[in-house]
Amino acid sequence: MRCRRCKDKAVIYIERHNAAFCENCFLHYYYNQVDKNIKREKMFKKGEKILVVVSGGKDSMALWDVLNKNGYDVTAMYINLGIGDYSNRSQEIVENYAEERKLPLIIKNIKKEYGLEIGKISKKLKRSPCSICGTIKRYLFNKVALDGGFTTVATGHNLDDEAATLLGNTLNWQEGYLARQAPVLPSTHPKLVKKVKPLFTLTERENLSYILFNGIKFIHDECPHAVGASSILYKEVLNKLEEKSPGTKQRFLINFLEKGRKHFQDVREELDLKECKICGQVTTTEICSFCRLVEISHS
Ligand code: SF4
Ligand code: ZN
């Protein structure tokens with residue numbers, strides 16, 4: 001098979017675009033896709049201070065690398081979630097990447113800094129580790145961005161993640177989540193920072209190819225808490241559909257964003273936002289859910 005752009009020998013075929021690329025032309029396609037997403041969705045501009053959240057996995061490492069190469073002003077943030085060996089190895093990968101390229105990196109450690117342990121809290125509250133983890137991550141993304149003067153938080157969510165989330169929200173008719181699912185979550189309060197997903201049209205496979213072609217190290221394992229998550233089942237189902245009908249995931253997501261999402265806007269509740277009495281971050285209750293987790297873990 002020949003590369004669509006330069007007619008050299010192709011190394012990757014992207015079925016949904018019916019296009020094959022050599023390594024160089026794939027990277028050209030990848031840079032363009034990310035830049036197009038950033039511009040079309042008005043995510044951010046050159047010169048703005050962007051906080052990119054990295055986990056050490058292929059998607060966030062690809063995002064960090066491509067934003068740097070495309071000339072954006074990015075600082076990375078890694079959160080050590082205290083998930084055993086998985087957290088230690090992923091922190092090492094992220095630190096090495098930053099050190100080798102002399103890039104700015106902020107490290108947060110939820111156990112050392114806040115005394116938080118996801119496993120213990122999850123058992124105490126009988127809530128899934130992922131829901132505790134989600135609360136902690138959302139809080140820190142916003143707090144670190146706000147304290148550091150960043151205009152935007154960028155995450156490595158890819159097309160597979162977004163299509164699986166959409167499938168889950170649709171199967172359960174989660175109208176509120178459907179109203180909010182978008183590649184850009186604008187700020188709705190002066191103390192809430194905008195969140196964006198520049199890789200939302202790129203698949204896991206494309207992010208992996210980008211990482212491999214660039215020789216970037218990443219953590220291959222999934223977080224141990226991801227086992228059995230319904231998102232994995234949704235991804236498997238979507239992969240089966242994609243196999244039979246290439247482009248299904250992209251059509252499902254993009255058509256929802258363009259045609260479906262608007263029908264859910266009237267279910268968006270006007271939230272009564274206030275500042276947490278303990279930490280001052282934005283919340284809908286007197287004390288924010290993060291500060292409540294800190295209190296619970298010390299009780
Ligand atoms: Fe957190 Fe769950 Fe993701 Fe692990 S799988 S990083 S616990 S959200
Ligand atoms: Zn608080």
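Cβ atoms here come from the backbone N, Cα and C positions, even for glycine.
The domain '2-thiouridine synthetase TtuA-like N-terminal LIM' annotation in TrEMBL covers 2-27. Among residues of the same chain six or more beyond the domain '2-thiouridine synthetase TtuA-like N-terminal LIM' (2-27), those with a C-beta under 8 A of the stretch's C-beta atoms are 206, 209-210, 213-214, 242, 246-247, 249-250.
In the three-state DSSP assignment, the secondary structure recorded for Cys6 (Zn(2+) 1 binding site) is coil. The Zn(2+) 1 binding site annotation in TrEMBL covers Cys3, Cys6, Cys22, Cys25.
The domain 'tRNA(Ile)-lysidine/2-thiocytidine synthase N-terminal' feature in TrEMBL is assigned to 49-222. Along the domain 'tRNA(Ile)-lysidine/2-thiocytidine synthase N-terminal' (49-222), the predicted structure has mean pLDDT 97.
Long-range Cβ contacts of Cys288 (Zn(2+) 2 binding site) within its own chain (separation 6+, distance under 8 Å): Tyr139, Cys276, Ile278, Cys279, Gln281, Val282. The annotation Zn(2+) 2 binding site is assigned in TrEMBL to Cys276, Cys279, Cys288, Cys291.
For ligand 2, the nearby binding-site residues are Cys276; that is, of Cys3, Cys6, Cys22, Cys25, Cys276, these have a C-beta under 6 Å from one of its atoms.
Fewest Cβ neighbours within 10 Å among the binding-site residues Cys3, Cys22, Cys25, Cys279, Cys291: this applies to Cys279. Considering only the binding-site residues Cys6, Cys276, the Cβ with the fewest other Cβ atoms within 10 Å is that of Cys6.
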